[in-house]
Each structure stands twice: as C-alpha cells, then as structure tokens.
Amino acid sequence: HLLKFNKMIKFETRKNAIPFYAFYGCYCGWGGRXXXXXXXXXCCFVHDCCYGKXXXXXXXWDLYPYXXXSGYLTCGKGTWCEEQICECDRVAAECLRRSLSTYKYGYMFYPDSRCRGPSETC
C-alpha cells in the first residue's frame, strides 16, 4: 500500500517519499525503464520486480499490518498478498536507507526522457 510504503521509507531514511523518492531516477515512482541510475534507483527497480513476482498490481492497494519498533520494520500476519507486498516494501525501504550516502539530488524529479539505454530485467 503506497501510504504504508511512504511511512516505511520515512522510518528508514527520515525522508518523505514525496518529494525525495517518488520521481527519483528512472525507476522510483510509477513504471521504470532504461538503466537504474543510482543505488536508490536500483532499490526501486528491485521493488518493482518484487511487486511483479508477488502479486497482481491490485494487491499493491491492500492494507497490510506492520510494526516499526527498536529501529526495525517487521511485517505482521495478513493475507498471502498482504504479507508479500509488505515484504517488498520493507526490503525496499531498508535498501533506500543503505543507499542514503549515495543519494543524488540531481535525480529528484528526473525526466523520463533522460532514461535511455536498455531496460533492466528482473
């Protein structure tokens, strides 16, 4: 669920998904193409692949239970789809935290027209 994913990103990075990640590079936000431009964009690419493997796009709107305590995110019990989407979001938020030192403000609001080259494959 996008609102829950935003909260996970905020918990891990102390940055709001909008504006910092919603349009970052070639893969953060809706869709994605070409090569992942930076470590944070790779986190978004892997997140897109995870969503693709886990469930249909409709599952991305499922509300899932999770907890943030003692510096860690944990997914709670839910339907199979909710648990899969929660794990995709949790892993991506942790990846974004690990890539904070390589965050490039020049990739914020990156235009799709600059996303060139062959697309990554999952």
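Yeah, the Cβs are placed from backbone N, Cα and C, and that goes for glycine too.
Look at Swiss-Prot and you will find H47, D89 tagged as active site. The Ca(2+) binding site feature in Swiss-Prot is assigned to Y27, G29, G31, D48; the stated evidence is similarity to another entry. According to Swiss-Prot, the feature disulfide bond maps to C26-C115, C28-C44, C43-C95, C49-C122, C50-C88, C75-C86, an assignment based on similarity to another entry.
The structure, with features from Swiss-Prot marked on it.
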residue : record              : contacts (Cβ under 8 Å, 6+ apart)
C26     : disulfide bond      : G32, R33, X34, X35, X36, X37, X41, Y110, D112, R114, C115
Y27     : Ca(2+) binding site : X36, X41, X42, C44, F45, D48, E120
C28     : disulfide bond      : Y21, A22, X40, X41, C43, C44
G29     : Ca(2+) binding site : Y21, A22, F23, C44
G31     : Ca(2+) binding site : none
C75     : disulfide bond      : Y64, P65, Y66, E83, C86, E87, R90
C122    : disulfide bond      : D48, C49, G52, K53
Same chain, 6+ residues apart, C-beta under 8 Å of the C-beta of H47 (active site), given in sequence order: C88, D89, V91, A92, C95
DSSP-derived class (H/G/I helix, E/B strand, else coil) of C122 (disulfide bond): coil
For C50 (disulfide bond), nearby residues of its own chain (Cβ under 8 Å, 6 or more apart in sequence): E87, C88, V91, A92
For the disulfide-bonded residues C49, C86, C95, the one whose C-beta sees the most other C-beta atoms within 10 angstroms: C86
The one of C43, C44, C88, C115 whose CB sees the fewest other CB atoms within 10 Å, among these disulfide-bonded residues: C115
Residue among recorded positions D48, D89 with least C-beta crowding, 10 angstrom cut-off: D48
Secondary structure of C75 (disulfide bond) (DSSP, helix/strand/coil): strand
DSSP-derived class (H/G/I helix, E/B strand, else coil) of G29 (Ca(2+) binding site): coil
Residues flanking the Ca(2+) site, with Cβ no more than 8 Å from the Cβ centroid of Y27, G29, G31, D48 and excluding those residues themselves: C26, C28, W30, G32, C44, F45
